[in-house]
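Engineer: Please find one structure pasted underneath; my questions will follow.
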């Protein structure tokens, strides 16, 4: 039988010995841990123990299971640990085991105290006499991972500013101000989409009896004028929509290759009538057309190339992939009016047939 307990009062050693005693056992081994009176020249008054009780009891039970798996002959196992303040020379932990032979009992108690120190979440604080501050004692036998004390010191690493990093290795070339502006624009667009969705969910309902359906109301209240209808096969009253991010880091794998896409768009948008007389003018004119620039063929070609470069840098700093691959949000599309067919009763149909019979003699 396993006897496991965390107690906040003095441990009765005699009672513990009686618990593990059994007529079939010829050996009983017991370990008693007490509070010593000094540590590194300082007078120890008492020890204070704290524990995560639920986890500690589970670990102690696992230790008992490991003991029985290793030494099946064990009859009784006892693990008592005291919490709170433990004065000098009083027992803080008692571990005992009984078995038919002494070898199993002695080895089991040794194994149990080692595992208790390394696995069970119990913390010890030493209280000293005089003006010495109390100290929490680190368990050097614990198998739990410890935080690395040797953190990386960035000040030791010297930055070699003489080396010029190639611009091809830099993915984002915008400065901090431009990055902040992009993030703010992204937040504004998402906020506008959410507001548009809220307007659709909580728009003015024509089902209200006190409001004329022919009158359009710009301002409405969602708490008093919205109509809640439970969706089929759902516990929610509002319609749940699946969010589809048409742009962003999650869609990187679905994005086409920009070089091939740029080539395709360039060739598809350029008309054969706009090709200049020379090959150089025609190719430069195609790039200018795609970039949205207007120039004359007789203009200086150096100035035209410079304008194209400035345009490319501008588009590169404002994320050009959104120009061609961003799909229009469904929120921007006008809402389609739902046409409902009128339902006629049997009486109305008879009246209608009777009137038609009179009109057609």
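Cβ coordinates come from backbone N, Cα and C, glycine included.
Quick paste of what Swiss-Prot says about this protein:
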- 101, 102, 117, 124, 125, 126: substrate binding site (BINDING)
Engineer: Of all the binding-site residues here, 101, 102, 117, which one's CB has the most other CB atoms within 10 A?
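Structural biologist: By the 10 Å Cβ neighbour count, 117 comes out on top.
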Engineer: On a count of neighbouring CB atoms within 10 A, which of the binding-site residues 124, 125 is highest?
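Structural biologist: Result of the Cβ crowding comparison: 124.
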Engineer: What three-state secondary structure does DSSP assign to residue 101 (substrate binding site)?
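Structural biologist: Looking at the DSSP assignment, residue 101 (substrate binding site) belongs to neither helix nor strand, so coil.
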Engineer: Take the Cβ of residue 126 (substrate binding site) and count every other Cβ within 10 Å, whichever protein chain it belongs to.
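Structural biologist: Taking all protein chains shown, residue 126 (substrate binding site) has 19 Cβ neighbours within 10 Å.
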Engineer: Grab the substrate binding residues from the record (101, 102, 117, 124, 125, 126) and give me their largest CA-CA distance in Å.
Structural biologist: 38
